[in-house]
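Asker: Next up is a structure, given as structure tokens.
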Amino acid sequence: MVKQTVQIGDSAQSIGSYTAGCLSGAVSLPQNGTGYQVMRPTRSRSYGHPDLIRFIENIAQTTNSQHWGVLLIGDLGQPRGGPTLSGHRSHQTGLDVDIWYLLSQQAASRNLEFNERETWGAPSVLVAKSDAINDDQWSMAHEKILETAARRPEVERIFVNPSIKRLLCTRKTSHDWLRKIRPWWGHDDHFHVRLKCPLDNQNCTGQESPSESDGCDASLAWWFSEEAKMPIPAAKKQEPLALPALCDVVLKANSQTKLSPSHP
């Protein structure tokens, strides 16, 4: 399948922040590629900044050449980015992608059918009702994939379940990549990769870089405390964060609209 581009300017531009932004010049990730397949195509969330598309294709080619398995790709973003009605507060600037932990043998041998892409679930890598890693669902291939992704210079951070971070902290490895692996609630059936703002995207608001520490300290221990495990109170409906003014142009634009990359 040929990549499709939603372009309203001279170059792709991530605008605003990961949780309040949009994307001009998004590229659609083809449903099948070397080492990967896209899941849930009807969600129309396979769009990203060209840097993100290249990252996915490159990391998938590596996993394929190393025989680690085929990556099943979840959500990237919408055709022009921006907030979604459900599922994410981030994924708004085309720099986020969810990748399933499931390394399917079926997907390694053939292209999945449409119905399979829509109905398959992403299994948890944790033992049910526990914070222990399920050895039947986890392998060294997962660790190699996470390390390979985290070592990419364009990667800002990778969100994983705290139990996965704890496991990685037991390995004798370099903190240069482990520092990018960040514990967060959920993320037991997929990992969430976030890229840095592209250098030439002046209107992209980045995130503070992870600490130079490997994160295998008291900050990780907190995630297994009673406080961290307490149910989060039902919150009142949150108002969406205000989007940058440029996003009014992007989100309402037709394909003929021009937006200068250097627009203030």
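Keep in mind that glycine also has a Cβ here, set from the backbone N, Cα and C atoms.
What TrEMBL says about a protein is an automatic prediction, not a curated fact.
Below are the features listed in TrEMBL for this protein:
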type	residues	note
DISULFID	Cys22-Cys247	disulfide bond
DISULFID	Cys169-Cys216	disulfide bond
DISULFID	Cys197-Cys204	disulfide bond
Asker: Between the Cα atoms of Cys204 (disulfide bond) and Cys22 (disulfide bond), find the distance and write it as a whole number of Å.
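Answerer: Between the Cα atoms of Cys204 (disulfide bond) and Cys22 (disulfide bond), the distance comes to 9 Å.
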Asker: For Cys22 (disulfide bond), what residues in its own chain, 6 or more apart in sequence, show a Cβ-Cβ distance under 8 Å?
Answerer: Ile15, Gly16, Arg80, Gly81, Gly82, Gln92, Thr93, Leu243, Pro244, Leu246, Cys247, Val250, Leu251
Asker: With DSSP assignments reduced to helix, strand and coil, which class does Cys247 (disulfide bond) get?
Answerer: helix
Asker: Determine, to the nearest whole angstrom, how far the Cα atom of Cys169 (disulfide bond) is from the Cα atom of Cys197 (disulfide bond).
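Answerer: Between the alpha carbons of Cys169 (disulfide bond) and Cys197 (disulfide bond) there are 28 Å.
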Asker: Rounded to an integer, what is the Cα-Cα distance in Å between Cys197 (disulfide bond) and Cys216 (disulfide bond)?
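Answerer: Approximately 26 Å lies between the Cα of Cys197 (disulfide bond) and that of Cys216 (disulfide bond).
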Asker: What residues, ordered by sequence, lie under 8 A Cβ-to-Cβ from Cys216 (disulfide bond) and sit at least six positions away in the same chain?
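Answerer: For Cys216 (disulfide bond), the qualifying residues are Lys165, Cys169, Leu178.
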Asker: Tell me, how many other CB atoms lie within 10 A of the CB of Cys204 (disulfide bond), whichever protein chain they belong to?
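Answerer: So the Cβ neighbour count for Cys204 (disulfide bond) comes to 23.
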